[in-house]
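What TrEMBL annotates here:
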type    : residues                       : note
BINDING : Gly166, Arg167, Ser168, Ile232 : NADP(+) binding site
DOMAIN  : 7-121                          : domain 'Tetrahydrofolate dehydrogenase/cyclohydrolase catalytic'
DOMAIN  : 140-281                        : domain 'Tetrahydrofolate dehydrogenase/cyclohydrolase NAD(P)-binding'
Amino acid sequence: MSNAMIINGKEIGQEIRKSVAEEVAKLKEQGITPGLAVILVGDNPASQTYVRNKQKSCEAIGIYSELIKLPEEVSEEELLAQIRSLNHNDNIHGILVQLPLPGHINEDKVIATISPEKDVDGFSPVSVGKMMLGQETYLPCTPYGVMKLLEYAQIDIAGKHAVIVGRSHIVGKPMGQLLLQKDATVTYTHSKTPDLPSITKQADIIVAAVGRPNFITKEHVKPGAVVIDVGINRDENNKLIGDVNFAEVEQLASHITPVPGGVGPMTITMLLYNTVQSAQKTLSQDKKHKNM
Ligand SMILES: Nc1nc2c(c(=O)[nH]1)N[C@@H](CN(C=O)c1ccc(C(=O)N[C@@H](CCC(=O)O)C(=O)O)cc1)CN2
């Protein structure tokens, strides 16, 4: 089989960011600057990089961003107080707390404190519930980004068998739901699934989000399958690698996402998109109030 078509998340992300920038410009003409607050707790180097990239990306398209840096030992109550204050800040349309959080903080409680109207990460119980019901809400950025990649690569989803490897709250679980809503038949698998290759080999679409470097090999993939790699792992030389053994799998797959340059850039792109959506909602609510 010839080499797979590479789905370039960097390029697709740039294209989407261009149209998001146009929406930002329109909002500014109407007196609204979309605002994103990013809360970073502690000094995890990867989290610092992601947060920096989020801020740079906001700046590049005219979104106002505010970084709230809290020390590793901050109390849960102090963090919750910061979120409550941002919930009431009219200049802020999106709030995110960079994950993971230090062990002494209850992540679920923190996420549930973010107002669902500003939950541009799509992680809050209200957002997740609405997503499950197919109601309008902010979709979690990484699975939303994967859906956009499939759309731009013109991959048919309806009637296809999608196998998700991984069951995290922020990627695996919502990923399956979004594919199901597009009429895929979805199978969830995870680290305790016996004989994984026998299941993934049946997949037309594989989404690898298991957090283990090079975990998906040629033994797992049916020729012609679409393979989406959500993994972000570092090898022994600190090189970024995915959950998929790219060199092996690209020879079998019809389409594949690289790491870096695949799903990763889409996560931030969809965050910008959700933030602008939130600002647009505020504007239309203001107009309704003023009867315009
Ligand atoms: N509050 C959140 N926390 C975390 C999320 C999230 O969506 N919201 N996701 C991940 C980390 N993440 C964003 O926060 C993220 C990961 C990777 C990338 C990315 O662009 N990756 C690039 C490579 C970047 C590099 O060189 O390190 C790529 O794959 O090409 C963006 C965002 C966990 N926490």
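Don't overthink the numbers, they just go from 1 along the chain as shown.
Glycine is no exception: its Cβ is also placed from the backbone N, Cα and C atoms.
Whatever TrEMBL says is automated annotation, not expert-curated.
Cβ environment of Gly166 (NADP(+) binding site): Gly172, Thr189, His190, Val207, Ala208, Ala209, Val210, Gly211, Val230, Asp243 lie under 8 Å away, each six or more residues apart in the same chain. For ligand 1, the nearby binding-site residues are Ile232; that is, of Gly166, Arg167, Ser168, Ile232, these have a C-beta under 6 Å from one of its atoms.
Comparing the binding-site residues Arg167, Ser168, Ile232 on other C-beta atoms within 10 angstroms of each C-beta gives the minimum for Ser168.
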